[in-house]
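Participant: Below: one structure in structure tokens.
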Amino acid sequence: MQQLIEKASTLMEALPYIRRFSGKTIVIKYGGHAMADEKLRKSFALDVILLKYIGINTVVVHGGGPQINETLKRYGIVSEFVKGMRVTDKETMGVVEMVLTGQVNREVVGYINQNGGRAAGLSGKDGDLLICEKLLQEVKSEDGSTETVDIGFVGDVVEVNPAILQALEKGGFIPVIAPVGVGRAGESYNINADVVAGKVAAALNAEKLILLTDVSGVKSKEGELLSSIPLADVPALIDNGTVTGGMIPKVTCCTDALAAGVKKAHIVDGRIEHAILLEIFTNVGIGTEIQA
């Protein structure tokens, strides 16, 4: 009997959050280990479906780095990276687009639908959702000077046209976005999926942006999870070395989204089953929340 009471208490803990977020929009960046593990894939799909059933408009943006690497290797194409960004020539872009839109997107849509949801896949080219310009990287040379490097078809999102997402939401669908954008001349661009999620969240005036990662969240220098970070504290955390390496672009993505009107951003460990529900519907959460 006690176990049943505890289950009821868990449901009641979620009730105020369900009331608060019903009718609102949440954008989720889906990637990392959560995409590779069968149990985590099902957990993710069920979380997203539940959000939709209780009236939360859910938009998914997926990555696909490992799948791209595997396919490029199979084709004998060697990737070069500049400041963590893949140099993407025309041949590489063709493979990237094929993998993201033709393989990964269909897989994500498939396992949401197979578990009882109604997902619809698209890329940033559909409905001119993500308009891009070429992203140029600034690189320091050995003499200390700064050089601008052209890394090919890597895009910087300059415009988001969310009408197609809003139409899908009204139709009861869960939009699943592949991070491929389009230039003014119709050319395809590879875009960082975290950036896409942040830009889409801002365009939809989302209540939350959630980035699923392969770490527990932002940690202090002592290795303890920082469960909540005020937006104003982020620059100091980067300057003093608390936020380092690959976490910097993720945190920056969150702060950019908050500055553009998103209410809260979360960095959550996607290796935990039902991580999305635990972060949204419990009093403590499991990741790092960044709030304005």
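Residue positions begin at 1 at the first shown residue.
Every residue gets a Cβ built from N, Cα and C, even glycine.
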Participant: Which of Arg41, Arg74, Arg86 does Swiss-Prot put in the same substrate site as Gly64, Gly65, Asn190?
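Facilitator: Substrate site check in Swiss-Prot: besides Gly64, Gly65, Asn190, the record includes Arg86 out of Arg41, Arg74, Arg86.
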Participant: Applying the rule Cβ within 8 Å of the centroid of the Cβ atoms of Gly64, Gly65, Arg86, Asn190, what extra residues of the same chain belong around the substrate site?
Facilitator: Gly63, Ile68, Val96, Leu100, Pro179
Participant: If you skip the near sequence neighbours and keep only those at least six away, which residues in the chain come within under 8 angstroms of Arg86 (substrate binding site), Cβ to Cβ?
Facilitator: Ile68, Ser79, Glu80, Thr92, Val96, Ile151, Val154, Asn190
Participant: What is the interatomic distance between the Cα atoms of Gly65 (substrate binding site) and Lys250 (site 'Transition state stabilizer'), given in whole Å?
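Facilitator: Checking the Cα atoms of Gly65 (substrate binding site) and Lys250 (site 'Transition state stabilizer') gives a distance of 16 Å.
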